[in-house]
Amino acid sequence: MTLLWCVVSLYFYGILQSDASERCDDWGLDTMRQIQVFEDEPARIKCPLFEHFLKFNYSTAHSAGLTLIWYWTRQDRDLEEPINFRLPENRISKEKDVLWFRPTLLNDTGNYTCMLRNTTYCSKVAFPLEVVQKDSCFNSPMKLPVHKLYIEYGIQRITCPNVDGYFPSSVKPTITWYMGCYKIQNFNNVIPEGMNLSFLIAFISNNGNYTCVVTYPENGRTFHLTRTLTVKVVGSPKNAVPPVIHSPNDHVVYEKEPGEELLIPCTVYFSFLMDSRNEVWWTIDGKKPDDIPIDVTINESISHSRTEDETRTQILSIKKVTSEDLKRSYVCHARSAKGEVAKAATVKQKVPAPRYTVELACGFGATVLLVVILIVVYHVYWLEMVLFYRAHFGTDETILDGKEYDIYVSYARNAEEEEFVLLTLRGVLENEFGYKLCIFDRDSLPGGIVTDETLSFIQKSRRLLVVLSPNYVLQGTQALLELKAGLENMASQGNINVILVQYKAVKETKVKELKRAKTVLTVIKWKGEKSKYPQGRFWKQLQVAMPVKKSPRRSSSDEQGLSYSSLKNV
């Protein structure tokens, strides 16, 4: 029986096709009306002819003797075939201009055609139907409708979409709402109210996909309708302002020379306004850029904030600007539902600055050369410069300081060190430079207590000059007593300075006072024959460490011992 019905249907369908093939108004495939439905859910689809293409409705067409015929083309096939309305439980049926699926299956995907005709008139249109699967989180490739809520605007609602006509008003369905995968219950500001979902106050955190699942009975069966929509929280109209032009502005001047590229950005902020048309455009001398005989390019970019506030940037570009172009008026305009604003860019020709390239180069080179010379001179002659300053501008340290000696000399008591101290150091410091030295073995009185006299001499001296040698660091010597006393005096009272002169190299020592002194004090090294000349570096370093004295130096070569002329034989 079923086979016979198919054969008869195909026969009559072929006749209809052949009769109407030449005179049927075919509106083609309406891709703008792509219908997507979930598998195993009901679907009702109205013939698009009465919604978009014809000026009369189904009742008028039926009264005029027109018949509505349905057929379809399976997915990935070209052959059109009639729809089987004799499936078990009337899974596919037609009611007036509506095609019903109770429920849909995956293999229902295809292009469906509704044709309205009689013996003299024919009109048809096709539309695609896609049956898709859904997962546990209601994810699918469906294109979701977007519902916009105003941020912090008060109570707002969304309604479960596309459920009208599936069940009579006498049926009370069960509606469950989800946000993503989570059932909405006990949310702080979102309350399900049947077909509606109320937002007491909308925040950015409410952005997301919301799904309503409508469950209703029909003829002893239970059907489910799943509808998902995207909620986007946008700026409130209470906070909307007219367009704001950030650039051009009064703080930026576009200075160019003829032949350079001129780039002027027009950046405009638009508050979100529902259904507002935001526009940005340039005028040059009050005209559109297309009406000006210059090569102008305008590029636009658009960005949005989280609340759909919009920033538009139009960059006006002239590749090679002329002097005439730099005299023109460039004005950026912006318009929205809140109003219209305009701002002119400040454009002018750059005045070339005077070029003093050679003069600047010579001046800079001379300055650098002078600095280098001064650095070299200071590095080489810094001792002489310090001594010159001390001699002419230094303050005499010996006035009213209560000291008797300039220098107390501490050294190891053996023949070599004694010869160095008594002949070399004393000869130059006293005879050439005029300093008064205290040498214990020379200036102490017989019969005194060594410790007391040593401390007394150190107290009366302005400097403690320590002659370092391997013999100096031997434990229990008078030299170490002098070193300790001088360092303690320098640390506690600060009225004596310690000078370290290395007569001979000293290996690693266990004397902690000497270790500490060598860490914090500069060591002046005696280099034998190289250091004997009184105007040499050794004696200049020593002079810098000595106290400043204004008294004239002794020039007599035979006063109190040997002069420098006798040092050559030492």
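Glycine is treated like the rest: Cβ placed from N, Cα and C.
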For which of the residue intervals 69-85, 324-340, 443-459 does Swiss-Prot record region 'Essential for interaction with PTPRD'? 69-85
Per Swiss-Prot, cysteine bonded by disulfide to CYS212 (from CYS160, CYS266): CYS160
Take the Cβ of GLU482 (active site) and count every other Cβ within 10 Å, whichever protein chain it belongs to. 22
Taken over the domain 'Ig-like C2-type 3' (242-350), the predicted model's pLDDT averages 95
Tell me, how many other CB atoms lie within 10 A of the CB of ASN111 (N-linked glycosylation site), whichever protein chain they belong to? 18
Between C-alpha atoms, which of these glycosylation sites comes nearest to GLU482 (active site): ASN57, ASN107, ASN118? ASN107
For ASN107 (N-linked glycosylation site), what is the secondary structure state per DSSP, taken as helix, strand or coil? helix
In three-state DSSP terms, ASN57 (N-linked glycosylation site) is classed as coil
